[in-house]
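Q: Can you keep this structure in mind? I'll have questions shortly.
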């Protein structure tokens, strides 16, 4: 067959992938916060989520429900550092949720673009556009102002959130540099990520002293039906979130995933003022969060405009075959 190969997803699939990731991402913040208010062992929770993902995909593959390929060692080696940084990011993010209210947690996580720009500067990458730079600075100023008015300021929680930003930055840089995820389906990426993360997470829960105490506490809480329900929902949503995130990135782009993340942050920030303990309102805190959110939206818009200016090349089938040989 000659001519161009149309690999573009349908508009419905693109919209569904973005919408489902936004909903899952927003819900996951509140579900994890609800679990951590009763069960403070964040890394054990993450380990359980990744174990559930690994087992589900494995048994789905054995029973013929998924078409994930067998584990390939060269691919696994490429994805190992990506997986380590991804899980370090999530582990520290969960740890920060124990002490930081949801609006401030989201505001702190919006510092990731600033960290990426700083890291890119030291790597000698090209200078970002004025709009991107200003939006990132605007976001950071919002965090500082919001923190000054945060009545529930928790130094440990803030430190964990900022550490999470560092690991998320390293994760994004590694993904961009390695390209290890190219050619893999969202289910396959999930399987590699969850499988490779288990040794790393097991080491962490032992090294930090969570294990075996966390298991003993979990056994004691097993008699609480309400806790079991929210824990099972958390495990299921961990799978759903990972799947929708990878699906959105594959079907759309990493930029779309980032923009959806910012937009869901607006909804999460608003709901965070009233749900799960809420936030004690202070003018500085609200002003800072508004500035931070506006900076996040501005950043997404600036990156979207930047992406539109890049000419898109559609390869013919012959060219694609040539590039794969």
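The backbone N, Cα and C atoms fix where each Cβ goes, and this holds for glycine too.
TrEMBL entries are annotated by machine, without manual review.
Straight from TrEMBL, here's the annotation block:
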- 24-300: domain 'Sugar phosphate transporter' (DOMAIN)
- 12-32: transmembrane segment (TRANSMEM)
- 38-59: transmembrane segment (TRANSMEM)
- 79-96: transmembrane segment (TRANSMEM)
- 129-149: transmembrane segment (TRANSMEM)
- 155-175: transmembrane segment (TRANSMEM)
- 187-207: transmembrane segment (TRANSMEM)
- 222-243: transmembrane segment (TRANSMEM)
- 255-276: transmembrane segment (TRANSMEM)
- 282-302: transmembrane segment (TRANSMEM)
Q: Determine which recorded stretch among 38-59, 155-175, 187-207, 255-276 has the most C-beta pairs below 8 angstroms with the transmembrane segment (79-96).
A: 155-175
Q: Short question: most Cβ pairs under 8 Å with the transmembrane segment (129-149), which of 12-32, 255-276, 282-302?
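A: Looking at each of 12-32, 255-276, 282-302 in turn, the most contacts to the transmembrane segment (129-149) are made by 282-302.
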Q: Could you check whether the transmembrane segment (38-59) packs against the transmembrane segment (282-302) - three or more CB pairs closer than 8 Å, residues at least 6 apart in sequence?
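A: Between the transmembrane segment (38-59) and the transmembrane segment (282-302), contact is absent.
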Q: Residues of the same chain, at least six outside the transmembrane segment (222-243), with any C-beta under 8 angstroms of its C-beta?
A: 21, 24-25, 27-28, 31-32, 34-35, 38-39, 45, 48-50, 52-53, 56, 186-187, 190, 193-194
